[in-house]
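As structure tokens, the structure follows; a few thoughts come after it.
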Amino acid sequence: MATIYSFKKGVMEQVEGGVVTEYPLQLVVNGREMATLIASPHDLRFLVAGFLRLQGFVSKVDDFLALAICQDFGAASVTIRGELPERLKPVLTSGCGTGISFNMPRPVEKSGPSRVHAPETIFALMNQLAQQCEGYKNHGGMHSAGVGSDTLLLHAEDIGRHNTIDRIAGEALLKGISLAGTILVTSGRVSTELVAKASMLGIDLIASRTSPTDMAVKMAEEAGITLVGYVRADSFKVYTHAEAISVSGQEKIAGVTGVILAGGASSRMGSNKALLPHKGGRFIESIYRELSEIFPEVILVTNTPEQYQFLPCRKVPDLYPGMGALAGIHAGLAQAGTPSVFTVACDMPHLDPALIRHIAGRRGDCDLVLPKSEHGYEPLHALYNKSALAAMEECLEQGKRRIVSILPQLKVNEIAAEEVAGFDPSFDSFSNINTPQEYYELRNGDKARPGIESLPAAEEAQQAQA
């Protein structure tokens with residue numbers, strides 16, 4: 001305890017209170033002095049193990065041959081398998097203290113879709129963390145972090161916010177606990193280093209009481225991590241991958257199947273667009289996650305199902321192979337178990353759930369709900385009822401490949417561009433990616449081009465008359 005003078009309402013009084021401890025720990029690895037870690041003095045074995053794990057020097061318990069800590073002298077001596085690099089260049093990070101890193105952690109690409117998390121889980125974990133933070137309760141001046149799914153698995157406190165995740169990583173490693181798919185809750189600001197470390201641990205979602213940095217947002221977007229900030233009693237802000245937050249008030253749309261069209265040749269891209277890295281996974285995984293939050297079932301139309309085994313959905317083939325997007329829409333509609341389908345292409349990076357729900361809500365008493373953009377009709381982002389099947393089959397039997405060919409035979413509920421703009425003023429929902437340049441621009445934050453199936457109204461009328 002320390003003597004502290006408290007000033008309040010014009011009165012100064014002497015009180016006894018706790019002061020946070022700042023503890024320097026000299027870290028020696030394989031006989032070489034590596035760094036001095038500035039930390040809190042408890043559970044130092046977890047801090048050391050996690051620091052070495054997230055710097056990439058160890059990956060499993062067996063990599064440690066010896067780990068000894070002398071708390072009286074502030075020294076940690078570690079022997080690990082293998083040799084350290086000859087030259088270790090320390091990098092000062094944005095951590096409190098200041099943080100130090102020898103190998104700036106990089107995000108790890110995920111192998112599959114992220115889990116969907118309920119807001120109630122985020123609130124519960126943050127509340128549990130607050131209850132566990134004895135150091136902060138006693139004297140303040142401490143950062144805290146915890147990981148869990150329904151309840152906290154591990155938690156840590158330290159004077160350095162980056163030390164908290166190092167401690168969690170170390171404890172998980174030494175105890176054999178997998179953190180894949182968990183939620184990380186933290187009291188501190190979210191930086192790129194924290195996002196990268198979370199990605200290395202397989203964490204799905206990061207929630208903080210404060211804000212992320214702009215670079216942390218960009219890294220989380222690329223790593224497929226949902227980033228949540230400003231968590232309060234009943235609110236928070238979502239900066240990336242909002243589709244991974246399950247909102248109970250928005251039920252899935254009964255009677256409609258989501259259909260992803262993945263039959264294009266990708267000739268201009270030079271490789272399969274659906275499998276390109278995007279949002280911490282593959283392009284098609286992002287599309288699947290968004291549609292699965294809206295519709296009870298999502299099916300994939302593809303003639304190469306072996307390429308998409310990682311997607312947990314039904315794959316159906318074209319019934320009219322080689323007949324383009326119209327055949328893909330027909331295949332999805334014919335093989336869906338619902339009266340209606342909502343179709344999207346596998347390379348549409350800016351889907352708007354509110355717009356999709358609005359279009360689906362207009363499906364009564366028509367064959368097709370067809371939105372328009374400033375470029376014309378958007379039939380690859382539209383809703384089709386089973387009543388459209390006969391017209392599709394007639395056109396396909398006659399060798400007509402263009403989607404516009406079926407319009408004269410259908411009852412169309414048109415969504416005007418002005419109505420669409422109320423949800424998506426820039427019409428980004430209809431944009432797609434066709435070339436390496438467009439993909440590069442997307443990865444760097446630029447917008448994609450309008451959809452290739454957008455048809456100007458004048459051309460539409462001419463085609464319909466033909």
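Just so it is clear, glycine is given a Cβ too, placed from its N, Cα and C backbone atoms.
Computed from a predicted structure; not experimentally measured.
TrEMBL lists C96 with the feature active site, cysteine persulfide intermediate.
The annotation GTP binding site is assigned in TrEMBL to L261, A262, G263, K273, D318, D347. Counting every protein chain shown, 29 other Cβ atoms lie within 10 Å of the Cβ of D347 (GTP binding site).
Feature annotation from TrEMBL assigns Mg(2+) binding site to D347. Classification of D347 (GTP binding site) by DSSP places it in coil, neither helical nor stranded.
Annotation source TrEMBL lists compositional bias 'Low complexity' at 457-466.
Helix, strand and coil counts under DSSP for the domain 'MobA-like NTP transferase' (258-405) come to 52 helix, 34 strand, 62 coil. According to TrEMBL, the feature domain 'MobA-like NTP transferase' maps to 258-405.
The region 'Disordered' feature in TrEMBL is assigned to 446-466.
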Rounded mean pLDDT for the residues that make up the domain 'MobA-like NTP transferase' (258-405): 91
